[in-house]
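Asks: According to Swiss-Prot, the record shows the following:
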- Gly50, Ile51, Ser52, Gly53, Gly54, Val55, Asp56, Ser57, Thr167, Lys196, Thr218: ATP binding site (BINDING)
- Asp56, Glu172: Mg(2+) binding site (BINDING)
- Arg147, Lys180, Asp187, His267, Lys268: deamido-NAD(+) binding site (BINDING)
Amino acid sequence: MQQIQRDIAQALQVQPPFRTEADVQAQIARRIAFIQQCLKDSGLKTLVLGISGGVDSLTAGLLAQRAVEQLREQSGDQAYRFIAVRLPYQVQQDEADAQASLATIRADEEQTVNIGPSVKALAEQLEALEGLEPAKSDFVIGNIKARIRMVAQYAIAGARGGLVIGTDHAAEAVMGFFTKFGDGACDLAPLSGLAKHQVRALARALGAPENLVEKIPTADLEDLRPGHPDEASHGVTYAEIDAFLHGQPLREEAARVIIDTYHKTQHKRELPKAP
């Protein structure tokens, strides 16, 4: 089991566990520099990120805002900016957390796009949804929500000349816990390689409120299961996923779930196949 843990961790470029606060600060500096270099390489000046109210988008948003603030100071170019985007589906049940995230990030600009009308309009036109069991239809529409959110972010980025930031990290990547070409689509993923507790450590060091740092993660895509916890979908806890990624002991059953899920979702982590 240890060898396959190492193989998967290497494939996902998992970062070593943090030993000290200096390790956390080094990762913050590294990821801010990464964001800045992506902007410089692209020739663009704007970053776009959807803010959900969860710790992942909060952390990525804090990194993004710091990145552009430093670029403005270093270069004297005031065109560098970060746009934080709220993308609720009708009324979001944890909207207060999303607003608290925005207040913490203090982005240069905030926009709101309610995806409810677009999702409903598309769902009404899809003959493929007719006759489906309610749970299956709800799942498919949940993925539509994620993809519409990414369409909106890329529309803003296209209009403003920017790059779209993703929030994927190693704990989600190993489980394939993202919508293909939805929240899995982005131009840069500054949280890549981090375990879930490491994302929380960065958020905490960046000044995020503890209630948002330790908030129970949920994709919240399905109407029939509002606020459904990620861990309930995984069948394992984030603590177990993190232990697996760092080559630490964990329940054999949990390790098997993670390995099986990793293989089943491999297609999500690959580019489209070609002849």
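Yeah, the Cβs are placed from backbone N, Cα and C, and that goes for glycine too.
Set these features in their place in the structure for me.
Replies: Here Gly50 (ATP binding site) comes close to Ser57, Val85, Arg86, Leu87, Arg149, Ala152, Gln153, Asp183: these same-chain residues lie at least six apart in sequence, with C-beta atoms under 8 angstroms from its C-beta.
In sequence order, Asp56, Phe178 are the residues of the chain that are 6 or more apart from Glu172 (Mg(2+) binding site) and have a CB within less than 8 Å of its CB.
The DSSP secondary structure for Lys268 (deamido-NAD(+) binding site) is helix.
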Asks: Reported as an integer number of Å, what is the Cα distance between Ser52 (ATP binding site) and His267 (deamido-NAD(+) binding site)?
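Replies: Spelling it out, the Cα of Ser52 (ATP binding site) and the Cα of His267 (deamido-NAD(+) binding site) are 25 Å apart.
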Asks: Around Ser52 (ATP binding site), how many other CB atoms lie within 10 A of its CB?
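Replies: The Cβ of Ser52 (ATP binding site) has 25 Cβ neighbours within 10 Å.
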Asks: Using a 10 Å cut-off on Cβ-Cβ distances across all protein chains shown, tell me which of the binding-site residues (Arg147, Lys180, His267, Lys268) has the largest neighbour count.
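Replies: When each Cβ's neighbours within 10 Å are tallied, Arg147 leads.
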Asks: Which residues in the same chain, at least 6 apart in sequence, have a Cβ under 8 Å from the Cβ of Thr218 (ATP binding site)?
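Replies: In sequence order, Gly54, Gly227, His228, Pro229, Asp230 meet the Cβ cut-off.
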Asks: On the Cα atoms of Gly50, Ile51, Ser52, Gly53, Gly54, Val55, Asp56, Ser57, Thr167, Lys196, Thr218, which are listed as binding ATP, what is the maximum pairwise distance in Å?
Replies: 19
